[in-house]
């Protein structure tokens, strides 16, 4: 049985980040910074409550008679109790013979075009550990993008205004960045396992390293760009955030309404229509929060039973990173034009170049992951490099007819005398535009 290391990592980040946030908020209070204290507590306690609700929802404890568990979650001690329960199950597994086992069937990755189906016996202890891992993975994603991401942006903004970083704030920002990167990594792994649920997925260590570097560069550069822009144009950053957030929030709903599908009723049997709507609203909220800072790795599909589109769309990925790169460059340009005296000793062109190169480095690691280290790359109909090449070929082919039409229009606008001296229109269309321009010059 696999060691529950992901559970331990999630609990460590949860406890460390919450404890550091409480200590940092107390320092803000002692200095008289009431607004910074309130925002720090808000971005710390709100994800804590959402994590408790997520653990209760995944384990379905609302419909079970477990008052002690509900009390511990109410006291924000749910993750610690769940972690203790996980290690109790792990330590007791193998000592007691389980009377009931279930059989699961998974397909192996194709080898030489063939894919074998294997059967595996899963005991009750392993099934419980799987549920715990799934619950903590979802909790890590929620904590990362609804708590750690705005928290890191806030603390970096405070450090920029005060022009110094205290030890406690530096540790807190490091933990927040680590939590976001870990949440993005768990989001990638969850997306792979949901999309390829019928296959036995094994992620290699180099794939984890590649995802970690990809997400680190992407998230760090995005947060720095937002902080720089906020420090000079506070009102306009609200518009930028609202456009980004509302676009990603309503995009899945627009696709659902355009499809004409009925309202999904199979998310959870115990939920009413209002409860299902609340759950779907929370999922779209989380989806928008993820895409605010990085690529979500999944496409939310409300009319699907799994709520996730299992098709691999490289063009959506390409469009996302192109638009995000353009947005980052535009925000940096505005920061450069309106920067204040606090950046007097900062080499602005060098900083802009470093941030843009850092974002390109993130895209490079993303391409390397999908091209070489993705555990299910053998199932791709086309690789990411082939899809990008086809996209550019289509874009170039769309531009060629326009150029030929423009040359034909130029030939029609010439005088009748010039037309008699030139060959017929069928021959003109086959002659390159440079030769046409030379003929026009000689006739003139």
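Cβ atoms are placed via backbone N, Cα and C, with glycine included.
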Of 134-157, 350-373, 374-397, the range TrEMBL labels transmembrane segment: 350-373
Matching range for TrEMBL feature annotation, transmembrane segment, among 97-119, 235-257: 235-257
Range annotated as transmembrane segment - as stated in TrEMBL, picked from 170-194, 420-444: 170-194
Annotated transmembrane segment segment (source TrEMBL; candidates 15-36, 37-58): 37-58
TrEMBL annotation of region 'Disordered' - which of the ranges 273-315, 402-444 it falls on: 402-444
Any contact, the transmembrane segment (170-194) to the transmembrane segment (278-298), with at least 3 Cβ pairs under 8 A: yes
For the transmembrane segment (235-257), sequence-distant contacts whose Cβ falls under 8 Å of one of its Cβ atoms, 6 or more beyond its ends: 226, 229, 284-285, 287-289, 291-292, 300-303, 327, 331, 334
Selected stretch (most C-beta pairs under 8 A with the transmembrane segment (350-373)) from 37-58, 206-229, 278-298, 318-338: 206-229
Among the ranges 37-58, 206-229, 278-298, the one whose Cβ pairs under 8 Å to the transmembrane segment (318-338) are most numerous: 206-229
